[in-house]
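Undergrad: One structure, pasted below without further comment.
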């Protein structure tokens, strides 16, 4: 075959030479002797087809090139660069000029109250000022007096984020999406609300900030009505939309989302301040992955002094969101595997749940996964519901450490619930029934109010949410526990005994007391049948747990009964003898380590030598 190719090679070269000479002849005739060409029809026809002849000649050249013997080793060719099909963006990275904030911050007085994020300080108070401060605390549950005296446009000082965050660059292709910032408020203090708005305007790139939507959840304070409407007119991209009756955070956010015009929805609370470069990392992550629901690193604005906790360059101990089996959101330190996965501070933190107050999400994805459960009422449980839904239905929750936003964390809510706090239990029942499968039993044992709602079928229609779960082909809750939150301790689905532990001698119940997170003495208290501080489980591992929230175990030390974090946490752990208990047939509760039994002495729980004839050593789960 190779010999045949070589014999034909000279013939092909001769043919190519003839074609080339003919083409030159035609070009010469075409240019220098138009009249002669017109006199000879055959030449006129060939000259008119000169472009086709040229194409034929080039094709012949390519054909011969393809059959020429190739070198077996040639210089490496650089890989082809895939050019973006998005012609509306340029290659490379955004420049600082392109990411210029919507508004420049006005000149700052470094000695003004709270300047550069410092604490508000005041040494001497008049009676009138003291009264104003106390009224502010009563109404808002933070120091509104201090907030009112801090500039609405205060600076937060220099950018103290880690160097990799400060130096982070953002690609133009795909372009960073635009965002609508949605802020829900109800009778919010004037200064905290507007400082939140100004903070967004002074830190968000103009090309990315489409609008700020203030959603009023039926505020009654006069300053939040016409005065606010008139004030925001000067802020250009800020507008107010209103709910005429109090419906709560969930429906207010849905209202804001329904009128938002940008590609991404960014939700903030009404008492926040945004740090340098907070927005770009959130939007960049969504540009990479539309299913990412991203939260900033939320730092504290002190509720008393309004001091902003600025980020540090090194050594930040990050937290992530979690939940307990009463379906309460909380924070925990990162597990070791998550620390190892992250190479530097630009890497997102995977989080099993999120606080839900401050986050960004693609508007299209928000709608795809079912927005919020619009049958949930007011506030409570919506963040845990959305956490389960996002993870189980193919998305992911992440915290972006390079994005820093301050938040005033209050110790209690200043607002009343139109239907009382039962709305929280109702919301939690809805999320448990839709997303938790059989694991919902664990929750109902800890919340008797919720369990009663289920028995009475008093939590609304969930058929639409169940249909959503089916349509999205979501994972079950077991998948979530194994793949998203394997560190979560799962109590027995069907514990041996659970409920309150009643002493037959005193007719009182064992009680952990108020705010006992372990280390405090237990007490005896009137049995109230409400669970809570009197809820215990006797497990298949034979430990006695008080595990409404944190997993706490009874342990015996001499004659003392104690409460501490359970030593058995699942695989590769065991129950120590001083946490192991035997519930005997004659109603004693005997500790395996000490051999002593639980008793009530002087109306206090204690340990004593076992005596089945002593009524103060007899106990019953009720």
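Including glycine, each Cβ sits where the backbone N, Cα and C put it.
As annotated by Swiss-Prot, disulfide bond applies to 509-527, 553-566, 597-610, with the evidence given as sequence analysis. Look at Swiss-Prot and you will find 506-622 tagged as domain 'Ricin B-type lectin', backed by sequence analysis. Residues annotated as region 'Catalytic subdomain B' in Swiss-Prot: 348-410. Sequence annotations record features per position, and here Swiss-Prot assigns topological domain 'Lumenal' to 29-622 based on sequence analysis. The transmembrane segment annotation in Swiss-Prot covers 9-28.
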Undergrad: Might you list, by sequence position, any residue in that chain lying six or more from residue 566 (disulfide bond) with a Cβ less than 8 Å away from its Cβ?
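TA: Spatial neighbours, sequence-distant, of residue 566 (disulfide bond): 489, 543, 545, 547, 551, 552, 553, 579.
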Undergrad: What residues, ordered by sequence, lie under 8 A Cβ-to-Cβ from residue 610 (disulfide bond) and sit at least six positions away in the same chain?
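TA: Same-chain residues close to residue 610 (disulfide bond) (Cβ under 8 Å, separated by 6 or more) are 588, 590, 595, 596, 597, 617.
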Undergrad: Let's check the environment of residue 553 (disulfide bond): how many other CB atoms sit within 10 Å of its CB?
TA: 26
Undergrad: Given the disulfide-bonded residues 509, 527, 597, which one's Cβ is surrounded by the fewest other Cβ atoms within 10 Å?
TA: 527
Undergrad: Helix, strand or coil for residue 527 (disulfide bond)? Use DSSP.
TA: coil
